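Record features (TrEMBL):
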- 12-29: transmembrane segment (TRANSMEM)
- 50-72: transmembrane segment (TRANSMEM)
- 92-115: transmembrane segment (TRANSMEM)
- 155-174: transmembrane segment (TRANSMEM)
- 180-205: transmembrane segment (TRANSMEM)
- 212-233: transmembrane segment (TRANSMEM)
- 284-306: transmembrane segment (TRANSMEM)
Amino acid sequence: MDPSPFVRNSFWGMSVGMTITWLTGLGINQSSVQRFLSVPNVKEAHKAMASMGISIVIVKWVSVFTGLIMYARYHKCDPISTHVISRSDQLLPYYVLDVAANIPGLPGLFLAGLVSAGLSTMSAALNTVAGTIYEDFIDSWLPDSSDKENRAARIMKIIVVVIGVICMVMVFVVDRLGDIFRASLVLHGITAGAMLGIFTLGMLVPWATSKGVIVGGITSMLFMIWLIVGAQVNMVQKRLVYPPLPMSTENCLNHTVFNQTTTHTDDIPADGEEKPFVLFTISFMYYSLCGFLISMVIGTAVSFMTGANDLREVERNHFPPFVQRFLPPKKYTEVPMHAIPTALVVNPEKEKLNL
C-alpha cells in the first residue's frame, strides 16, 4: 500500500496509474471509438461500456488469482531458476501443461483460446490502422472514380499486410524489453498520456489554443521518450534492478539443483556505484499519468502565454454541460430567423425603390 510512485508494483500504481492507461485505451483509442459509434444511440454506448467494464474487472481478478496460485505452486521450485523455462511470460502455458497434462484436450483448448483472443484483438487493430492510414494519408491524393470502393479495399488489404510484417519484425525488438506486460505499458506510455492530454484540453479547458495543445503534446512525448529510454539504459547497465519475489529450488525433484535458493539483486546500488537519476526509477505504471499531466500543464501554460481563447467567443456546444456552467454568456446570441419580427427584416428590393 506504499503510495510512492517509485514502487514498481503497488496498489496505487494499479488503481491510479493504470486508470489513465485505461482511459486512453477506452476513451480515445480508434478501435474503441469505432465500436461506440456502431451502436444506435448514447444509451446503448453506455450499456456497452458498462458491460465491458464488468468483463474487464472479472478478467483482471481472474488474472490476479491465477498469478497467486502459480506463485503458491512454484515458489519452492522456480521453473526459471531450474531453466525449465527461460522467461516469466512462459509461466502460464507451463502451468497449464503442468496441471492439465493428464486431461485430454484441455491444454490444446487453452492454447486455442489464447491464439483466438490474440488474433481477434490483432485483427481489430490492423483494421483500424489500415482505415486510418488510408483515410488520412491516401484517399485525398486519389482521383474519384466509379471503382473507388474496390480500389480502397485493395489498398487497405496491402496496408494490412505491410503493418502485419512490421509487427512480426517488432517481435524481436519487444523480446528484449522484458516481460510483455511491462513492455506494452512502456511503449504505450510514450504517446498515451500526450494523446489523452490533447483530447482533455479540447474537451475540458475552454481557453486552450491550438498552439498550446501542440506544444503540450510534443513536449509530453519528448519527455516520455527521454524518461523511458533513460530507464531502459539504466536497467541494461544493471544500475536499476527490480528484484522478484523470493523463490527457491529446494523442493524441486529430478533436478541437479537441490536445496538451493535463488539470489536476487537489490534495486539499490551498492556504495560507490552510480545511482540512477531519480525520475528513471518511476514505476512504469505511472508513465501514462506523467505524460498526461505534462501535456495538460504545458498546454494550458502555453495557451495563456500565447493568448488564451476569449471565453465569450468559444462554442458552448463543444463542451460538456458541467463545463458550460462556468462559461460566460456569448458576445452575440444566435437567434433563429423565424424568431425575428417581420418589421425588422430588411427587404433589399424595397430599399431600392425608396431610394
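From the backbone N, Cα and C atoms, a Cβ is placed for every residue, glycine too.
Long-range contacts of the transmembrane segment (92-115) within the same chain, counting only residues at least 6 positions beyond its ends with a Cβ under 8 Å from a Cβ of the stretch, are 66, 70, 73-74, 79, 84-85. Residues 22, 26, 91-92, 95, 245 of the same chain, all 6+ positions outside the transmembrane segment (50-72), place their C-beta atoms under 8 angstroms from a C-beta of that stretch.
The transmembrane segment (284-306) shares the most Cβ pairs under 8 Å with 180-205, out of the stretches 12-29, 180-205, 212-233.
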